[in-house]
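The structure under discussion appears below in the form of structure tokens.
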Amino acid sequence: AYFITDACISCGACESECPVSPISPGDSVYVIDADACIECGACANVCPVDAPQQK
């Protein structure tokens, strides 16, 4: 599953790109529900700061 690092700038690009929508705004960065993540990499491909990383 992917997770979002502290590099996240909360731009929302990953949330709109994800085909299964496990991404949501968190307290300071977006968060990914690891159980719902299908590991497609769409979030990582669109992120301008490479915040989504694969576990």
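Cβ from N, Cα, C; glycine included.
Marked as domain '4Fe-4S ferredoxin-type 1' by Swiss-Prot: 2-27. Residues or ranges marked as [4Fe-4S] cluster 1 binding site by Swiss-Prot: CYS8, CYS11, CYS14, CYS47. As annotated by Swiss-Prot, [4Fe-4S] cluster 2 binding site applies to CYS18, CYS37, CYS40, CYS43. What Swiss-Prot records for 28-55 is domain '4Fe-4S ferredoxin-type 2'.
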### Query
Any idea what the Cα distance is from CYS43 ([4Fe-4S] cluster 2 binding site) over to CYS11 ([4Fe-4S] cluster 1 binding site), rounded to a whole Å?
12
### Query
Cα of CYS11 ([4Fe-4S] cluster 1 binding site) to Cα of CYS40 ([4Fe-4S] cluster 2 binding site): how many Å, rounded?
20
### Summary
Around the recorded [4Fe-4S] cluster 1 site (CYS8, CYS11, CYS14, CYS47), other residues with Cβ within 8 Å of the Cβ centre, ordered by sequence, are ILE4, ILE9, SER10, GLY12, ALA13, GLU15, TYR30, CYS43, VAL46, PRO48, VAL49, ALA51, PRO52
### Query
Which number gives the other C-beta atoms within 10 angstroms of the C-beta of CYS37 ([4Fe-4S] cluster 2 binding site), all protein chains shown included?
19
### Task
According to DSSP, folded down to helix, strand and coil, what is CYS43 ([4Fe-4S] cluster 2 binding site)?
helix
